[in-house]
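Following: one structure in structure tokens, then a few remarks.
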Amino acid sequence: MLIGHTSGEEPGRGLRRLIDLLIGRRELEETKPRPRPLEVATDCLFCQPDDPSLNRILCENDLFYARFDNFPANPGHVEIVPRRHVVSFFELDGQEILSAYSLMRAARDLIDKKYFPEAYTIGINDGKAAGRSIDHLHIHLIPRHHGDVDDPRGGIRRAAPNSDPDAWQ
């Protein structure tokens with residue numbers, strides 16, 4: 001099934017099909033914008049988006065913000081972070097998934113203008129066993145270039161010297 005927009009198709013239909021695949025049509029139809037109390041954790045790095053000593057914000061919307069990664073795998077590596085304290089991607093509702101996707105596209109457009117990547121790696125480490133290091137959902141958007149790793153199959157692996165978790169302090 002093609003996800004993208006094709007000529008003659010109404011704009012946004014491809015995104016709706018993607019969401020249908022991710023969360024199911026019925027849930028999407030039942031998901032209505034609703035006010036939600038902002039759940040935050042005072043000791044969480046990602047719950048403090050307005051602190052410039054902790055976060056360099058690239059762009060934002062009402063529900064998410066895009067911040068530059070503190071240990072970037074490549075120049076321009078950002079994380080799409082919910083303002084609400086959420087640990088797992090699977091805790092997001094349909095409105096939040098759309099908001100995250102929309103912000104990811106906006107961040108990609110800004111990264112394209114400054115870093116001129118040839119491709120992107122998009123990833124989520126959902127759970128400790130998957131490599132999650134901070135208990136707050138963040139979606140990695142990593143600009144990629146031919147030759148940034150010897151073998152790009154399987155995503156990003158130590159593309160830059162500071163991307164080796166064993167070297168972090």
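All positions are counted from 1 along the displayed chain.
Including glycine, each Cβ sits where the backbone N, Cα and C put it.
Marked as domain 'HIT' by TrEMBL: 42-151. According to TrEMBL, the feature motif 'Histidine triad motif' maps to 136-140. According to TrEMBL, the compositional bias 'Basic and acidic residues' annotation covers 145-154. According to TrEMBL, the feature region 'Disordered' maps to 145-169.
Across the compositional bias 'Basic and acidic residues' (145-154), DSSP classifies residues as 0 helix, 0 strand, 10 coil. Long-range contacts of the compositional bias 'Basic and acidic residues' (145-154) within the same chain: residues 74, 117-119, 160, each at least 6 residues beyond the stretch ends and with a Cβ under 8 Å from a Cβ of the stretch. Each residue in the motif 'Histidine triad motif' (136-140) gets a DSSP state, and the totals come to 0 helix, 2 strand, 3 coil. In this model, the domain 'HIT' (42-151) carries an average pLDDT of 94.
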